[in-house]
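> My questions all concern the structure below.
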Amino acid sequence: MSLENKSATLDESRIRSLREQAAHAAKNAYAPYSLFHVGAALLLDNGHIITGCNVENASYRLTTCAEQAAVARAVVERGAHIRIVAVAIANEDATIACQPCGACRQTIAEFADPTCRIFFPAEHGKPGECTLADLLPASFNAQSLQQSASK
């Protein structure tokens, strides 16, 4: 689901829409093993909102998280030069806290600045918010590889 806007400003209305679209995406999750349905919505710098949901697999390790599904979909639909300015995560039981896992944090960091805002369900159903830098203070990125290669 995308929202055509020319700017990626984050007012309360846009944040609410991002959270709602993540919740809607969670309804499409394929989670027959954990029964934990997760949705993610990415706000790109061009104003588009791209969603994804978790897709489980019997081997567990091959499960795709909602955030990774949304990033992959954004690259497919918008190209490899996407920039993520905000991410909302939702699950069907909004009273259960849910933040991106480590792999998803690193995946988001590949396409976002440390100031990218992350919205998620926090303890007791309260809305949580932080930046990517809060979740992943020492991300591994292209500059890390360049520094290693130059030695």
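Glycine residues also receive a Cβ, built from the backbone N, Cα and C atoms like all the rest.
The feature domain 'CMP/dCMP-type deaminase' is assigned by TrEMBL to 13-143. Among the features that TrEMBL reports, substrate binding site is placed at N54, V55, E56, N57, A58, S59, Y60. According to TrEMBL, the Zn(2+) binding site annotation covers C65, C101, C104. TrEMBL lists E67 with the feature active site, proton donor.
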> Measuring Cα to Cα, tell me the gap between the residue listed as 'active site, proton donor' and A58 (substrate binding site) in whole angstrom.
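Cα of the residue listed as 'active site, proton donor' to Cα of A58 (substrate binding site) measures 20 Å after rounding.
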> For N57 (substrate binding site), write down the residues of its own chain that are at least 6 apart in sequence and whose Cβ falls under 8 Å from its Cβ; none is a fine answer.
T63
> Taking the Cα atoms as reference points, how far is N54 (substrate binding site) from C101 (Zn(2+) binding site) in Å?
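Approximately 12 Å lies between the Cα of N54 (substrate binding site) and that of C101 (Zn(2+) binding site).
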> Going by DSSP, is A58 (substrate binding site) sitting in a helix, a strand, or coil?
coil
> Among C65, C101, C104, these being the binding-site residues, pick the one whose CA is nearest to that of E56 (substrate binding site).
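Nearest in space to E56 (substrate binding site), counting only the binding-site residues, is C65.
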> Which secondary structure state does DSSP assign to C104 (Zn(2+) binding site), in the simple three-class scheme?
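Once the DSSP labels are grouped into three classes, C104 (Zn(2+) binding site) ends up as helix.
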> Please identify which of N54, S59 has the densest Cβ environment, defined as other Cβ atoms within 10 Å, among these binding-site residues.
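Of the binding-site residues N54, S59, the highest Cβ count within 10 Å belongs to N54.
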> Does anything in the same chain, at least 6 positions from V55 (substrate binding site), have a Cβ under 8 Å from its Cβ, and if so what?
A29, Y30, T63, T64, A69
